[in-house]
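First comes the structure, then the notes that go with it.
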Amino acid sequence: MKHLWFFLLLVAAPRWVLSQVQLQESGPGLVKPSETLSLTCTVSGGSISSYYWSWIRQPPGKGLEWIGYIYYSGSTNYNPSLKSRVTISVDTSKNQFSLKLSSVTAADTAVYYCAR
(Lines of atoms letter the chains of each structure in order from A; the text may use other names.)
(Lines give C-alpha, C1' and ligand atoms only; values in the text may rest on other atoms or scores of the structure.)
Protein backbone atom coordinates (compact mmCIF):
# COMPACT_ATOMS: atom_id res chain seq x y z
CA MET A 1 0.00 0.00 0.00
CA LYS A 2 1.28 3.43 -0.90
CA HIS A 3 2.47 5.56 2.00
CA LEU A 4 1.78 9.22 2.52
CA TRP A 5 4.51 11.35 4.03
CA PHE A 6 3.76 13.95 6.66
CA PHE A 7 6.55 16.31 7.59
CA LEU A 8 6.87 17.62 11.13
CA LEU A 9 8.61 20.85 11.99
CA LEU A 10 9.59 22.64 15.15
CA VAL A 11 7.56 25.81 15.22
CA ALA A 12 9.08 28.53 17.35
CA ALA A 13 7.45 31.94 17.13
CA PRO A 14 9.60 35.09 17.35
CA ARG A 15 10.60 35.91 20.91
CA TRP A 16 9.25 39.44 20.63
CA VAL A 17 5.83 37.94 19.96
CA LEU A 18 5.68 34.97 22.33
CA SER A 19 8.56 35.68 24.70
CA GLN A 20 10.16 32.34 25.57
CA VAL A 21 7.24 30.15 24.52
CA GLN A 22 8.21 27.34 22.14
CA LEU A 23 6.11 24.71 20.42
CA GLN A 24 7.43 21.25 19.57
CA GLU A 25 5.53 18.85 17.36
CA SER A 26 5.72 15.10 17.58
CA GLY A 27 4.10 12.27 15.67
CA PRO A 28 4.68 9.74 12.90
CA GLY A 29 6.43 10.77 9.70
CA LEU A 30 4.12 8.73 7.53
CA VAL A 31 0.56 7.48 7.60
CA LYS A 32 -1.12 5.03 5.25
CA PRO A 33 -4.16 6.11 3.22
CA SER A 34 -7.44 5.77 5.13
CA GLU A 35 -5.62 5.81 8.48
CA THR A 36 -5.64 8.58 11.09
CA LEU A 37 -2.87 11.15 11.38
CA SER A 38 -2.12 11.98 15.02
CA LEU A 39 0.15 14.87 15.99
CA THR A 40 0.93 16.40 19.37
CA CYS A 41 2.28 19.86 20.13
CA THR A 42 4.08 20.42 23.42
CA VAL A 43 4.20 23.98 24.75
CA SER A 44 7.29 24.90 26.75
CA GLY A 45 8.45 28.11 28.38
CA GLY A 46 4.93 29.11 29.33
CA SER A 47 1.47 27.88 30.22
CA ILE A 48 -1.03 26.56 27.70
CA SER A 49 -3.77 28.32 29.69
CA SER A 50 -5.56 31.47 28.52
CA TYR A 51 -4.67 31.15 24.84
CA TYR A 52 -5.97 29.76 21.57
CA TRP A 53 -3.81 27.06 19.97
CA SER A 54 -3.96 26.29 16.27
CA TRP A 55 -3.05 23.72 13.66
CA ILE A 56 -2.30 24.78 10.11
CA ARG A 57 -0.80 22.99 7.13
CA GLN A 58 0.91 23.76 3.85
CA PRO A 59 0.54 21.31 0.95
CA PRO A 60 3.49 21.12 -1.46
CA GLY A 61 3.55 24.17 -3.72
CA LYS A 62 0.48 25.71 -2.11
CA GLY A 63 -0.38 28.28 0.53
CA LEU A 64 -1.16 27.82 4.18
CA GLU A 65 -4.45 26.19 5.16
CA TRP A 66 -6.00 26.68 8.58
CA ILE A 67 -7.13 23.40 10.13
CA GLY A 68 -8.60 24.59 13.40
CA TYR A 69 -7.95 25.90 16.88
CA ILE A 70 -8.68 25.01 20.48
CA TYR A 71 -8.95 27.20 23.55
CA TYR A 72 -7.27 25.95 26.70
CA SER A 73 -10.73 25.32 28.17
CA GLY A 74 -11.45 22.84 25.38
CA SER A 75 -13.69 24.83 23.03
CA THR A 76 -12.84 24.30 19.36
CA ASN A 77 -13.38 25.74 15.91
CA TYR A 78 -12.57 23.84 12.71
CA ASN A 79 -12.15 24.56 9.01
CA PRO A 80 -15.55 23.61 7.54
CA SER A 81 -13.90 21.68 4.72
CA LEU A 82 -12.12 19.41 7.23
CA LYS A 83 -14.57 19.46 10.13
CA SER A 84 -15.92 15.95 9.60
CA ARG A 85 -12.42 14.44 9.87
CA VAL A 86 -10.67 16.66 12.42
CA THR A 87 -10.45 16.50 16.19
CA ILE A 88 -8.29 18.88 18.21
CA SER A 89 -7.90 18.26 21.93
CA VAL A 90 -5.94 19.80 24.80
CA ASP A 91 -4.24 18.35 27.88
CA THR A 92 -3.46 21.22 30.22
CA SER A 93 -1.75 18.90 32.72
CA LYS A 94 0.88 18.08 30.10
CA ASN A 95 0.88 21.50 28.42
CA GLN A 96 0.00 19.79 25.13
CA PHE A 97 -2.60 19.97 22.41
CA SER A 98 -3.20 17.40 19.71
CA LEU A 99 -4.54 16.96 16.20
CA LYS A 100 -6.26 13.90 14.78
CA LEU A 101 -7.12 13.81 11.08
CA SER A 102 -9.00 10.69 10.03
CA SER A 103 -9.31 8.93 6.67
CA VAL A 104 -6.25 10.59 5.18
CA THR A 105 -5.67 10.68 1.44
CA ALA A 106 -2.95 12.01 -0.83
CA ALA A 107 -4.68 15.40 -0.65
CA ASP A 108 -3.68 15.60 3.02
CA THR A 109 0.03 15.48 2.24
CA ALA A 110 1.46 18.68 3.72
CA VAL A 111 3.78 20.24 6.25
CA TYR A 112 1.77 20.48 9.48
CA TYR A 113 2.38 23.32 11.94
CA CYS A 114 1.17 24.05 15.43
CA ALA A 115 0.95 27.66 16.48
CA ARG A 116 -0.44 30.09 19.04
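For all residues, glycine too, the Cβ spot is worked out from N, Cα and C.
Swiss-Prot annotations:
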type	residues	note
DISULFID	C41-C114	disulfide bond
DOMAIN	20-116	domain 'Ig-like'
MOD_RES	Q20	pyrrolidone carboxylic acid
REGION	20-44	region 'Framework-1'
REGION	45-52	region 'Complementarity-determining-1'
REGION	53-69	region 'Framework-2'
REGION	70-76	region 'Complementarity-determining-2'
REGION	77-114	region 'Framework-3'
SIGNAL	1-19	signal peptide
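Projection of Swiss-Prot feature records onto the structure.
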residue: Q20; record: pyrrolidone carboxylic acid; DSSP class: coil
residue: C41; record: disulfide bond; DSSP class: strand
residue: C114; record: disulfide bond; DSSP class: strand
At the Cα level, what's the spacing in Å between C114 (disulfide bond) and the residue listed as 'pyrrolidone carboxylic acid', rounded?
16
Run through the Cβ atoms and count how many others sit within 10 Å of the one on C41 (disulfide bond).
27
Let's see if you can do this one: DSSP helix, strand and coil counts over the region 'Framework-2' (53-69), in that order.
0 helix, 11 strand, 6 coil
In the region 'Complementarity-determining-2' (70-76), how many residues does DSSP assign to helix, to strand and to coil?
0 helix, 3 strand, 4 coil
